[in-house]
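Asker: Sharing a structure with you now.
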């Protein structure tokens, strides 16, 4: 059976389909719907404070008794200068003026937020914890394992996958360059982040690690799931496929933009957050490209542009806000999450029946 393997057993799920923990875009209904359909729903906790995460976990538990996960951001060890911030504020001034916004006071609470997330995940006995942007400390991994929480890391290269396995991850997401949203990269060979496609990355990681590999990037339907399994993955993680679902927290602006875009419309940019992320190209990205080498690292840039993005989204201006999307938008639907999962399963079974 295509849906019975080490990953499904480890995560206590029926189908090896994981809904990506997209920060700011998941809802309890989305998470629970995927879990109730036999997959693994994941809370995107990246921007939550402690109370928000606790409330989200409690709400999900009201909607499902099945396994689910929480995705957290590992704090970045980045450096920045005051002149970088001053310059960026000057460059962003016209956008703020147009939207009647004040210059924000930057508050960096990454470390404290991450610590609180881990404490909450342990306290609430969340079954699965997923990491993006790196690998947590040995002590944090030990605490989570002692609480019998399964750990999933993210890798965009073979070296990152090896590092995840050595650190004690139970499974690894192999994030191909087709994936929408932030790149999970944390190692920089020759100071350049990896941009390896899913079909190339997955088998190369599978060949060098002993733990289950989860394919991610451009996977939208049963064909992509089955292809990933053929490549050696034991499961898939899907983001954009669920982002356009009726059950996600995506705005109608973003949902419509993805549904109406083409495979050639996305770019990878640091303009919005200071970390590379794939989204639909727009005026803000193009105008900020001239400052590409001077953009402060995450989370500074994320803080500096946050109010601009929110204000633009509120007035329906897709040219000044982030529009995260993978490279397979033509395959996106607005179906409820449970329908998306059942369609994937039916398509796989149909393909296997005729092979």
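Note that Cβ sites are derived from N, Cα and C of the backbone, with glycine treated the same way.
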Asker: Please identify which of 38, 218 is recorded by Swiss-Prot as part of the FMN site containing 71, 175, 180, 237, 238, 239, 240.
Answerer: 218
Asker: Are there any residues at least 6 positions away along the chain from residue 71 (FMN binding site) with a Cβ closer than 8 Å to its Cβ? List them or say none.
Answerer: 20, 21, 22, 23, 42, 43, 44, 45, 46, 130, 131, 132
Asker: Among all protein chains shown, how many Cβ atoms are found within 10 Å of the Cβ of residue 175 (FMN binding site), not counting that one?
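Answerer: Here the count is 30.
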Asker: Return the single residue from the binding-site residues list (180, 218, 239) that has the minimum number of other CB atoms within 10 Å.
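Answerer: 218, out of the binding-site residues 180, 218, 239, has the fewest neighbouring Cβ atoms within 10 Å.
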Asker: I'd like the Cβ neighbour count for residue 237 (FMN binding site), meaning other Cβ atoms within 10 Å of its Cβ, all protein chains included.
Answerer: 29
